[in-house]
Amino acid sequence: MVLITVLANLLILQLSYAQKSSKLVFGGDECNINEHRSLVVLFNSSGFLCAGTLINKEWVLTAAHCDSENFQMQLGVHSKKVPNKDEETRDPKEKFICPNRKKNDEKDKDIMLIRLNRPVSNSEHIALLSLPSSPPSVGSVCRIMGWGTISPTKEIYPDVPHCADINILDHAVCRAAYSGWLATSTTLCAGILEGGKDSCHGDSGGPLICNGQFQGIVSLGRHPCGHPDEPGVYTKVFDYTDWIQSIIAGNTDAACPP
């Protein structure tokens, strides 16, 4: 009970401590309590860090720029004020980041695989999310979710995660929005061209879900969020599935795509 209370307080303070590159869901609605069972909270003694996604009973996938010292993970969370009976807390046993990632570039290979110190089991509010069998096509409708701000300019955080539908866009849209950024095949460009819906501060590391499959990881975006023609950039999970599966199988020297 003490741990649950501490987590609730940390989540309430998430805005004050969220890193600048974090993102949150703007323009969405309250998620159904059972549609985000794979969503994971990463936090430490200072507060909320990022989101993550449960892909295996022992493994969570998040963004590499979410890496921090001494963090924990909470699973099965919906309301920050009313804990679910099946919420679980885990520590990281091992963390894996692409060995060829550019250390001075948070946008490069923004993916991290975390092994839990103990497995978790499916429950009413905890479930795995499937890795993709194929990449999403331009125009696909996908779901984003998180406890991030629900305002593009003000720090207004909901008590429960919000969800929104956005579209996979052509890389040219993101190249135009982020001058100096070279879109790569290992990223996805996703959002709403007319604006109004977006991931934003606080949602970093969370999932982009298309047709029930885990297609993207929240990585990069504009602030304020939700501006027209300024979509978000997501790590393309499909291109890392071989690396992910190799690590889980025990090949810790596996290489990421270039």
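Backbone N, Cα and C atoms are what each Cβ position is placed from, and that goes for glycine too.
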(message) I want to verify the bond table. Which candidate from C174, C210 sits on the other end of the disulfide that Swiss-Prot records for C189?
(response) C174
(message) So C200 is in a disulfide according to Swiss-Prot. Which of these is its partner: C210, C225?
(response) C225
(request) Consult Swiss-Prot and report which candidate among C66, C98, C210 shares a disulfide bond with C142. (result) C210
